[in-house]
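Notes to accompany the following structure.
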Amino acid sequence: MKLAKILLGSAVVLGSLAGASYAEDQRIHIILCGDDTWGGEVNAAHMAAWEASNPGFKTDIEYVPWGQCQDKATTLAASGNPPAIAYMGSRTLKQLAQNELIMSHDLTEEELASYAAPILGTVTADGKIWGLPRAFSTKALYYNKDLFEAAGLDPNSPPKTWDELYSAAAAIKEKTDADGIGLAAASFDNTMHQFMNYVYTNGGEVINADGDIVFNSPNNVETMEFYGKLASVSQPGPVAYDRGKLVPLFNEAKIGMYISGPWGRSQTGDAVNWGVAPLPVGPNGTPGTLLITDSYAVFKGSGVEEAALSLAKFMTSTDNQMEFEIAAGLTPLRPDHPEVAKLREADPTWGAFLDAIATGGPEPFVTDYVGLQDVINEAIQSVVLGEASAADAVAQAAEDLEEYK
Amino acid sequence: MQSLGGRPNIFPYLLLLPALIITLVIVAWPLVETVRLSFTDAALKPTENFVGFANYEKIFSKKFPEVIGRTFYWMAISVSLKMIVGTMGAMLLNSRVPGRDFFRVLVMPPWIVPIAIGVFIWAWMYNGQFGMISGVAQYLHIIAGPYEFLGDRTGAFYSTIVTDIWIGTPMVTIYLLAAMQSISPDLHEAAWVDGAGRMYRFRRITLPLILPAIATMGLLSAIWTFNSFDIIWILTKGGPRDATTTMIIDTYKTAISRNKYGEGAARAVMIVIFLSSFAGFYFFMLKQFAKRSLAK
């Protein structure tokens with residue numbers, strides 16, 4: 001009798017638990033990078049608004065440190081337990097798509113038109129959109145006005161061409177205690193990013209729209225030569241420096257110039273008397289910049305794919321995205337948005353970052369981004385260290401890149 | 001195994017069972033799984049196919065032999081210096097010097113401080129513009145301007161070794177110190193009475209008696225150094241131009257950074273084979289050495 005009671009009681013408890021779980025909202029697991037200090041409140045408000053109009057779903061944000069967030073989402077997906085949405089570097093999308101881990105997004109003509117065309121290029125492969133851009137950056141040239149003046153240069157006339165850039169760097173190196181320019185050449189992703197800024201301002205490409213490797217071009221050989229030449233007027237040992245390590249050098253007036261994104265303004269603050277200008281243009285190029293986006297990727301196999309697609313689209317819709325960008329201090333993804341004009345007016349330094357969007361180029365979209373990055377960094381380091389000619393380094397890299405297209 | 005009554009006694013086996021299960025789960029299963037993965041094309045995609053020895057053929061057709069050579073060279077220099085410096089340190093700490101206990105504590109921080117923190121401090125010291133080493137060298141007019149220790153292939157290679165020695169030496173020192181302390185002082189006193197000098201006593205008494213400890217520590221240190229990942233990764237990420245890419249760094253880049261789990265597993269299997277062979281050779285040499293010592 002006692003046993004029967006226990007069994008009956010257990011059945012009731014289990015039944016009520018099952019009923020409760022059946023009535024529970026479906027969880028939408030979202031992996032975001034960093035913490036909630038950059039746009040976290042806006043994120044939460046937008047997700048609450050989406051939940052209100054989509055009953056039955058509950059968003060669950062997991063913040064993971066920058067160094068691990070993308071690896072965690074990828075590893076979870078590879079092991080069959082994917083998040084519904086993850087914040088991913090857009091450069092990884094082609095690889096994820098090729099391995100059938102993520103969903104493509106259907107955007108209306110109006111939604112597509114709201115983005116500048118080069119931005120869509122950062123998330124498009126095989127004619128499909130694989131992620132919705134969430135964070136965006138362009139690059140510009142930061143320069144120390146006081147060092148320009150000390151070197152006999154006009155502090156209100158930053159270099160506009162590569163020749164002017166080299167001359168200014170050489171003058172600073174020769175006439176002041178500082179080095180001319182900060183050059184990144186460490187074994188790190190932003191070394192390739194820095195180099196790509198020069199590639200895009202000299203009419204070069206790594207992979208074309210047809211998916212062919214076109215790295216071995218006269219333009220890129222010229223770019224590689226110039227990057228190597230800059231090492232003669234840069235800080236000593238550029239191979240030991242990634243972009244982040246250049247910031248203290250600039251803030252301590254140990255280098256006259258360096259290239260960085262809009263966050264560089266707050267990183268320097270009033271440490272030195274600085275200006276920011278569009279990237280100087282190479283002999284065979286036009287104004288440009290490397291466009292980097294991070295996107296919301298929706299993973300297959302979460303069980304809530306359709307809801308996740310809806311949520312991602314809602315979060316990145318025109319006004320919501322703009323609100324997030326203002327809160328997080330990011331370059332606006334939609335330069336035609338009315339709020340962008342106000343931003344420019346309030347802070348004219350935005351101009352250098354916004355004007356180059358139209359002619360900017362995306363990160364090379366390949367199936368093995370880390371492999372590509374290693375190959376290009378190897379070429380850069382061989383030239384910067386003077387161990388290979390630019391032509392040989394570019395030719396070798398182009399050959400090696402065939403494996404990753 | 002039988003009990004005194006002649007019946008099989010399974011009780012000892014039952015006692016061993018938990019340890020056996022833990023060993024199978026923690027050691028054997030991952031090892032078997034790694035070997036299995038190494039024969040597949042496992043990557044990001046949900047499915048995987050058997051590819052035979054393709055992964056092994058692929059790694060040996062590229063730079064892997066160069067990576068193997070570099071790994072052994074890196075390990076040989078680092079372990080040799082750790083053993084030499086560690087033995088000297090143990091001798092000093094074993095001698096009767098004022099403040100000996102204080103110095104014994106002082107030798108530990110490189111081992112106690114979390115490796116990542118210690119390596120970040122070294123990365124800062126290697127910096128040419130703000131680092132202490134370059135600054136002092138400039139102050140003493142040894143170098144004319146800032147020198148980036150991680151800014152060229154040779155500098156980066158040896159800088160990672162120096163950091164590895166700094167982190168690994170305290171363990172060697174403390175281990176060998178313990179071995180030295182286990183030697184009866186009577187032996188030294190008797191030899192001293194017979195007129196044996198300090199070096200002679202070290203060569204004929206201390207060294208032979210701590211040889212097993214040196215062998216054990218040498219082997220352990222070799223395995224740890226061979227698998228040393230965090231020091232190189234934090235300082236150079238294997239660069240510049242692969243100058244500090246050892247087998248473990250190469251395996252991580254392949255399996256984790258590039259999500260090529262099959263190829264990465266093949267590299268991991270190579271590491272296991274090398275370390276097992278190395279350990280086997282080491283023990284064989286030790287046995288030979290012991291035989292020769294007994295024959296004298």
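Cβ from N, Cα, C; glycine included.
As recorded in TrEMBL:
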- B:68-282: domain 'ABC transmembrane type-1' (DOMAIN)
- B:12-32: transmembrane segment (TRANSMEM)
- B:72-93: transmembrane segment (TRANSMEM)
- B:105-125: transmembrane segment (TRANSMEM)
- B:156-178: transmembrane segment (TRANSMEM)
- B:205-226: transmembrane segment (TRANSMEM)
- B:265-286: transmembrane segment (TRANSMEM)
Beyond the flanks of the transmembrane segment (B:205-226) by 6 or more, those residues with Cβ under 8 Å of it: 71, 74-75, 78-79, 82-83, 86-87, 91, 164, 168, 171-172, 175-176, 178-180, 183, 187-188, 191, 246-248, 271, 274-275, 278-279, 282-283, 286, 289, 293
Tertiary contacts of the transmembrane segment (B:265-286), as residues 6+ beyond its ends and Cβ separation under 8 Å: 31, 34-38, 40, 42, 55-56, 58-59, 64, 68, 212, 215, 218-219, 222-223, 226-227, 247-248, 250-251, 254-255
CB contact flag for the transmembrane segment (B:156-178) and the transmembrane segment (B:72-93), at least three pairs under 8 A: yes
For the transmembrane segment (B:72-93), sequence-distant contacts whose Cβ falls under 8 Å of one of its Cβ atoms, 6 or more beyond its ends: 100, 103-104, 107, 157, 160-161, 164-165, 168-177, 179-180, 202, 206, 214, 217-218, 221-222, 225-226, 228, 244, 246
